[in-house]
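Noted in Swiss-Prot for the protein shown:
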- GLN89, GLY107, GLU108, GLY109, LYS110, THR111, ASP502: ATP binding site (BINDING)
- CYS882, CYS884, CYS893, HIS894: Zn(2+) binding site (BINDING)
Amino acid sequence: MVSLGGIARKIFGSSNERRIRGNKPRVAAINALEDSIKALSDAELAAKTEEFKGELAKGKTLDDILIPAFAVAREASRRALGMRPFDVQLIGGMILHENAIAEMKTGEGKTLVATLAVYLNALSGKGVHVVTVNDYLASRDAAIMAKLYSFLGLTTGVIVHGMNDDERREAYACDITYATNNELGFDYLRDNMKYERGQMVQRGHNYAIVDEVDSILVDEARTPLIISGPLDDRSDLYTTIDAFIPMLSAEDYEIDEKQKSANFSEVGTEKLENLLKDAGLLKGVSLYDVENVAIVHHINNALKAHKLFQRDKDYIVRNDEIVIIDEFTGRMMPGRRYSEGQHQALEAKEKVTIQPENQTLASITFQNYFRMYSKLAGMTGTANTEAEEFQDIYGLSVIEVPTNLPILRIDEDDEVYRTFEEKFKAIIEEIKASASRNQPVLVGTTSIEKSELLATMLRQSGFTDFSVLNARYHEQEAYIVSQAGVPGAVTIATNMAGRGTDIQLGGNIDMRLERDLEGMEPGPERDAKEQAIREEVKALKEKALAAGGLYVIATERHESRRIDNQLRGRSGRQGDPGRSKFYLSLQDDLMRIFGSDRMDSMLQKLGLKEGEAIVHPWINKALERAQKKVEARNFDIRKNLLKYDDVLNDQRKVIFEQRVELMDAEDLTETIDDMRHELIDTIVRTHIPEKAYAEQWDVAGLKTAMTGILNLDLPIEDWAQEEGIAEDDIVERVKKAADEVMAEKTERFGPEIMAYIERSVLLQTIDNLWREHIVNLDHLRSVVGFRGYAQRDPLQEYKAEAFELFQALLANMREGVTAQMMRVEIVREAPPEPTLPIMHGHHEDPQTGQDEFAAADGIVAPENRNPADPSTWGKVGRNEMCPCGSGKRFKHCHGALLA
């Protein structure tokens, strides 16, 4: 039966088709301008940029100039890059400009499509960020596309790991900036830990185009970026607790692979309590007494380390370190760590050096970072399966852009075997058969362990002519993938390794030329070699086409259909022929954890012999249903996490905006005075309730508060004895006394040093309280889930209590700032300034506990200091000569304060 929706779509077309159709008149208008634009000289074409900027300054919008701007960008691309965007690529550029995701298949030129929207939006002068998944792609794309942007008079910058603040600031100041999502997020967090506006590197969040948008905004969405500092070493405790786990039997714990959780049974808990008592680690009677919370946390981590985390699948051991493996790409992530002590538990399990834990100093999720942009767009080959999530969370619609040429790839039905061994034997035979007919083969595996198992089995079968691409061989990744289209080539790759590098039949000509011509001087010999390479690649392409194009063999289905589609999409680029097939077994993770019992019983009834497979469209549909369930569950998890993170995000925005205002303010005296007066009002009215009799006043408590908080020794007892005195009189007298102290300090220190002190005290107090607040919210979030058992909504409870904690933070800020300002003194000799903790940047997945430490180098002192401008000084050591040029040490000059 045809649905009403289906009938409507036949008559009116889908929203996707309408969006594509709606842009075709603009494409026609751009094409109509082509001849006149072509007639312009290079200088005249480049001058169009200033002309467009002038039109925007006069009130025109970007939409008003889209048609001529796209026409100019297309012609400039032809001249600078030798590439002319197709009509469908123009449509892709329009979709990116319209705050949407352009779904474009592999090989359709997404990088070139982005240049159209980038050029148009860069004309506003507010900056455009092009976001990639790794430094290699950011550097590669920036280097190539800078030729185009430079031709048009625009500047291009790139941010990669290891750059200092000056280099980053310069790159962000460019019209177009290429960077990874990690670098952008960490720079935002680091900027909001700076003490001078001039030290910040970013200049706002205007427009971002996210390449591989599904990877960044979905796969990594629930993974916060965290900057942290190390805590005390507790390696002995991890080692002691790790030794308990091998003593347990299967009845002592329960493992849930679906939820990735591990818990102890009653029997296991009793056994652990005895072990902990013997080790002197158990306090009180029960393991679950309040004082044992930390020990329970350590034990749970140790259990997960042994029972949920697999070596060579989730991590590898290298150079005395645990190195995490990205579950989506199979790549190593050196320097990244699991959070909440999980990484230390793995280090104890594998008997490597246990690194100290870390305290969160600042954090943000990608969901909330990218929602800060005024305009956001994305590109990928596979977004449709996550269309609801993109719309729900980011307000981004997914538009499928037609391919320039029809897709000729044949996607075959899955083959299902009973065991791993049978499946791998069938794959090996298929690889050999394909290689014998010169068909290039890309084999996708889900883990290092599986890729190396397949490689070993291939060698044992006598077949050795293949390449293995997994986390262990990360350095050669791009080149190995680029040559996977050579006739007869067999490439085994973990999951989506090499994503972002095109697999061209015959091999990637650009990468071949770059590699083979490296170091050769320009001249006849180099030209001859280049020509020979081009002819060789052309002949190889014809041979690969004749063999049927790239054959993608998948050894397992991923729990996300999108990852499967990405693997399939490596074949059949730009109208090339191709083929894809999934080989499965009942022992695969997806089949074992999520597959239905019905499928298992059906295969048993069929009585399959060893080595036989079943192939039926019904199996594909059953697996797709299982994948949809997993995707829906993961979406719900991400959506729920976002609701909690939004609470923190709202508070983060208030604090970060407040910091910027404080850095920008010329005079903070009024702010400090208001804080002090509000605090005095609160203190007095706490100890002298409104309309209370004098004998009900807490005079002793008020006296203690005045001394302890305000550092004032006032005759409170005498005042209280005065006839007819009221609380308002006390408030005014205390304010007057405090104001006199501060006025005397200002006169003694001088206005310049006082302004420096005020700003430093305010920012340091906010930062310290904010770090404590993050820890408090983490603790609240970890316990609030249990409120559901009492029929209370955990989210509403979290919101209410988080608000109370935030109000307490603001009150503590008033008290902390006032207490420090009332005590601050310039001294002749100050104790050495405590060093800041070494800071690390990393990701943390709240579900798996995964961290991704991408080293954050802390606050880098600018090298060029202007003596007259303290904002350029950065962090100055107390024993350094003062940058102001006075000839005194910093601690005796501008740094001469003891808070």
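Glycine too: its Cβ is placed from the backbone N, Cα and C atoms.
Taking the features listed in Swiss-Prot, we show where each one sits on the structure.
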residue : record           : contacts (Cβ under 8 Å, 6+ apart)
GLN89   : ATP binding site : GLU108, GLY109, LEU112, VAL113, LEU116, ASN404
GLY107  : ATP binding site : ASP502, GLN504, ARG573, GLN574, ASP576
LYS110  : ATP binding site : GLY92, ALA102, MET104, ASP211, MET379, THR380, GLY381
THR111  : ATP binding site : ASP141, ILE144, MET145, ASP211
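The record gives GLN89, GLY107, GLU108, GLY109, LYS110, THR111, ASP502 for ATP. Within 8 Å of the mean position of their Cβ atoms, the other Cβ atoms in that chain belong to MET104, THR106, LEU112, VAL113.
Comparing local CB density within 10 A for the binding-site residues GLU108, ASP502, the maximum falls on GLU108.
If you draw a 10 Å sphere around the CB of GLY109 (ATP binding site), it holds 18 other CB atoms from the protein chains shown.
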